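This report concerns only the one structure given below.
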Amino acid sequence: MSNAPGTSKFQIDLRRHLRAQNICDNLVHLMCEIAEASKYVINAVRTGDLGVAGTSNLYGEEQLALDVLSDRIMRKRLIHSGVVCNIASEEMDEIYQCQASADGLYSVAYDPLDGSSLVDVNLAVGTIVSIYAGCDLLQPGRNQVAAMYILYGPRVSLVYTVGDGVHEFTMNNLMEFTLTRENVKMAPEGNIYAPGGLRNKYNAGDEKFIRHLEEKGCKLRYSGGFVPDINQVLMKGKGLFMYPALNGSPNGKLRVLFELNPMAFIIEHAGGAASNGSIPILDIVPESLDQRAPIYIGCREDVKTATSFVNGGKQEVKMAGSFVNG
């Protein structure tokens, strides 16, 4: 968006920027409510209980107290927004219906505190959000109307797309999100890689790909947190994150609905790509809340190379067209 005379980008707040995106008022309101909820989540991260909650989520994973509290914060804000019909969270066992009617409303899938196990060692974590029009959450990620993540690191940053560019905001000392970078774009290829999962459980194609990156002199940059690792690849504009199929875990670890779809939507709108090794992540039709998939996400050429190695050098892997012109 163009700055008004006498206005710097650091004075453009999230609501003002969203209103310039040619989206409806309800979506502006919803995304601002999520941003407001994140302020309470970061307070919980900084001061909250680091112990276990004594419960398990849908996937049988022991929930931390911060997981439960962060989910409660996000869910309450979404319910009271008045513009949400269905909610799905990584911390809930089933879809929560807020309103029966879908007219003008949205469904939201989110991971309230991705990487929560890293908090006790003071590493960066984040919130990931996917938004669809209407009540159906089990649809291809390409149908998202918006996706966003909030990174709780040395700075708190928010990145979003509504299908027209990717934009970064940073929380200032008044806890307001102001524009930092507009229309973030990725290079065709990079020299950073962030490989998740135990390497001794990689299949032959993935192992060959890692050796290829090492021989090229690429830099390994992996924190164990999905949000900070994706943010690094995106903001540097180069590189790739991968969490492949593993021996014993053929679908990898990350969830399509809560993690892969929103991040793939953001990365593609920045000119990158995201694939499960066969098709674009955004073309997967999820059949359940807990569906998982391998992922290769980042610069388009890096993803193309990765999928070629995974498929034994074959080049017929389907790649989505870039959302970014030029």
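Glycine is no exception: its Cβ is also placed from the backbone N, Cα and C atoms.
Going through GLU90, GLU168, GLU176 against Swiss-Prot, the one listed in the Mg(2+) 1 site together with ASP111, LEU113 turns out to be GLU90. GLU259 is the only one of GLU214, GLU215, GLU259, GLU268 that Swiss-Prot places in the Mg(2+) 2 site (with ASP111, ASP114). Between the alpha carbons (Cα) of GLU90 (Mg(2+) 1 binding site) and LYS253 (substrate binding site) lies a span of roughly 13 Å. Neighbours of TYR222 (substrate binding site), defined as other CB atoms within 10 A of its CB across all chains, total 15.
The Cβ of SER116 has fewer other Cβ atoms within 10 Å than any other of the binding-site residues ASP114, SER116.
Cβ packing within 10 Å was compared across the binding-site residues GLU90, ASP111, GLU259, and the lowest neighbour count falls to GLU90. Between the alpha carbons (Cα) of GLY115 (substrate binding site) and GLU259 (Mg(2+) 2 binding site) lies a span of roughly 11 Å. Here GLU259 (Mg(2+) 2 binding site) is positioned 14 angstrom away from SER116 (substrate binding site), judged by their C-alpha atoms.
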